[in-house]
Structure formats: structure tokens, C-alpha cells
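Over in Swiss-Prot, the protein carries these features:
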| type | residues | note |
| --- | --- | --- |
| BINDING | 24-31, 67-71, 126-129 | GTP binding site |
| LIPID | Gly2 | N-myristoyl glycine |
Amino acid sequence: MGLSFTKLLGRLFSKKEMRILMVGLDAAGKTTILYKLKLGEIVTTIPTIGFNVETVEYKNISFTVWDVGGQDKIRPLWRHYFQNTQGLIFVVDSNDRDRVGEARDELHRMLNEDELRDAVLLVFANKQDLPNAMNAAEITDKLGLHSLRQRHWYIQSTCATSGEGLYEGLDWLSNNISSKA
């Protein structure tokens, strides 16, 4: 009895570590999101060629977040980051109606990869502060999320510059990755 109580306490109070891969088309807001979570402020960004990686501490969880560039020429490199990924954050520019089909294609291509079969999916419908932004329901439809039968997924409306919705997304990740782990 004492040993199981000790194990329970260890689970409750030990820091969990989670490997998160954040991808999406170029200019969706991935790097802005990463540094808003890490530093709590808006940083000036340039297009990411390669990746940024940061550890974000939140609610007794240490998220290692890999922010990988989204330009079309470097998207084939995404697969090099798939191994051991527990959670996938797919960032969508909710204002970019012209490329939401391209975003859908890239998302589904990734989700078909064997190395990501156990990863949960969090979609950040970003740039909700813009007047023509599609809402989360419209993004869900355009990305074909309801067709993902074997995948645990969630969509969160966000605004990277204000931070709105970002921590709600991390809450969902922490609750859903830990229940799968």
C-alpha cells in the first residue's frame, strides 16, 4: 500500500516531459506562438529556415516545442522531426482563405506517416484578431478534421500576438498526452 501511494505521489508531483512538433504553412504564426509561450512577449520574426526549439514550462509540464519552417521548399524536411513526437500542433492562418486547401493537404499527408500514428493533434486556428478570419468551425470543415477517425484532435482559436487561446491549447495537450502516455 505504501509503495503504491508513493508511486501516486511521484506521478502527481514529478515534472512530465512532452515532445511537441509545431508545423504549418509559412507565415501562419508558429514562431510568434513559440516565443509568446516561452517569453510572454511578441518577438520580431523572420521566415524560419530550419527550426527553432525551446522548452516551455507550464503547469508542472516541460514541453519541448520544435518549431519547423513552413515554406514549401522545406516542408519535405518535416518528416525528420516526427520521431518520438507525442503532440502535433498544426498552426493555420485563419485569414489565409487562398491556402487553407494547401494546409489541409499538408496536414493529411503528415497524419498518414507511421511515426506520427500515436501523436495527438492540436490545431491552432491563428490570427483570430483579423476581421476576415475563418472561425474554428470553418477551419475544422476546410481541414477535414471530422474525417480523422483514428486520431485524437482538438481545434483552438488563437491570436499569437495577444496570447489568446494558447494556454487553453497547452491545457488540452497536457490532459490528452498524459492520458495516452
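Don't overthink the numbers, they just go from 1 along the chain as shown.
Keep in mind that glycine also has a Cβ here, set from the backbone N, Cα and C atoms.
The DSSP secondary structure for Ala27 (GTP binding site) is coil. For Lys30 (GTP binding site), the Cβ neighbour count at a 10 Å cut-off comes to 29, with all displayed protein chains included.
For Gln128 (GTP binding site), the same-chain residues lying six or more positions away in sequence with a CB closer than 8 A to its CB are Ser94, Asn135, Ser157, Thr158, Cys159, Glu164, Gly165. Mapped onto three states, the DSSP output places Val68 (GTP binding site) in strand.
Looking only at the binding-site residues Ala27, Val68, the densest Cβ neighbourhood within 10 Å occurs at Val68. In sequence order, Asp26, Pro47, Ile49 make up the list of same-chain residues 6 or more apart from Gln71 (GTP binding site) whose Cβ falls under 8 Å from its Cβ.
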